[in-house]
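S.K.: My questions will all concern the structure given below.
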Amino acid sequence: MRETHTAESHPSTSSTQGAGASTPTGVVTTSSGGGFRLMAVHAHPDDESSKGAATSAKYAAEGNDVLIVTLTGGERGDILNPAMDRPGVKERMSEVRKEEMAKAAAALGVQQRWLGFVDSGLPEGDPPPPLPEGSFATLPLEVPTEALVKLVREFRPHVMITYDERGGYPHPDHIMCHKVSVAAFESAGDPDAYPGTGEPWTVSKLYYTHGFIRDRMILFSDEFERHGQESPFKEWLSKWDSSRGDLMARVTTQVECGKYFPQRDDALRAHATQIDPNGMFFAVPLEWQQRLWPTEEFELAQTRVTTSIPESDLFAGVEANSEVSR
C-alpha cells in the first residue's frame, strides 16, 4: 500500500486537521456482524457510488452496518447518459433517481435513507443565478442539521464520512453537505442540542473522502502511454486547478478495497441517468486499477479516539459496540 505520511500518534481531539436494501422510512435496524456502524453522508443519489463506494461495500461485506444518507433527491440533475435522454425520463427524474438509488444500495450491500431535501441544482452563468427558493443549499443550517442529528442518534454510527470544505467540487449542495455533516458530528452527542431528536450519541471519528487524486490520474495516464494508448485524463490533467493543492498531502487513511471495485462499478451503472457506461468512470481497465491503486482515500478530519497516522482502517482506535466519552 502506498503511504504518504510518516507514522505518528493521532490523539483524541475534536479539532479539524485540515479540513442491502433501501430503507426510506422507519428505524434502521443493526446486526451484530462486525460490530461497527459506518454512516456516509452524501448530497445526491450517485455520490455514494463515486465517492468511497468500494470502502462501503467492503465494510458491509465484513459484517458491519453501513448506512448511506442521501440528503436530497437529485431532482434537478441533468441527464448525463445519452442512452437515457429519451421522452419521459426527465419528467420522472425524482422517481427515476429513487429507483436508481435502490439498485445502487443493493449492489453495494448497504442500507440507505433519504432526508428529503430538495436538490439545489448547479447554477450556470456569470454571475450565476440565485438558487431556487427552498432548495437544500438555501436552508438555515440548523434545519438539515437537526434532521441528520436525529438519524445519527437513531443509527449510532462509530464513524461518519462526508466531503471536505470544498465539497469535493464546488456544487452548492456538496458544500452544504459538508457543513451539515460537521455540525451533526459535533452536536449529536450534546444532550442540550436538538432536544426531542433522540438520546445523544457521540460519533468517534469524522472523515472526508478524497476521490479526485491527481497522483492517481497521473499513474493511470502513464499506464495508458506504456500501452501505446492516449490517456483519457490528458485534458483533465492539463486543466488541473492548482489552487486545490495536493490532496494526497491531506490523506491520512487508505483503505484497501480493490476486491470491491466491481461492486462499485455496478453501483455506478445503477445510476443510469447520471453515469455514462462509456464515460470516464470506466475508462481505466479494472485490472489496472486493482493492481496500481487498489485503495480509496480519506482524511481524518476529527477524532475522539486515539489512532496512528497513516491508517488503513476507518475504525482504527474505535471499540465495537461502545460510545466514546464526550
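The backbone N, Cα and C atoms fix where each Cβ goes, and this holds for glycine too.
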S.K.: Can you match one of H174, H178 to the Zn(2+) site that TrEMBL gives for H44, D47?
M.R.: H174
S.K.: Using Cβ-Cβ distances, find the residues under 8 Å from H174 (Zn(2+) binding site) that belong to the same chain and are at least 6 apart in sequence, listing them in sequence order.
M.R.: A43, D47, Y163, G167, G168
S.K.: Go through H44, D47, our binding-site residues, and report the one whose Cβ sees the most other Cβ atoms within 10 Å.
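M.R.: By the 10 Å Cβ neighbour count, D47 comes out on top.
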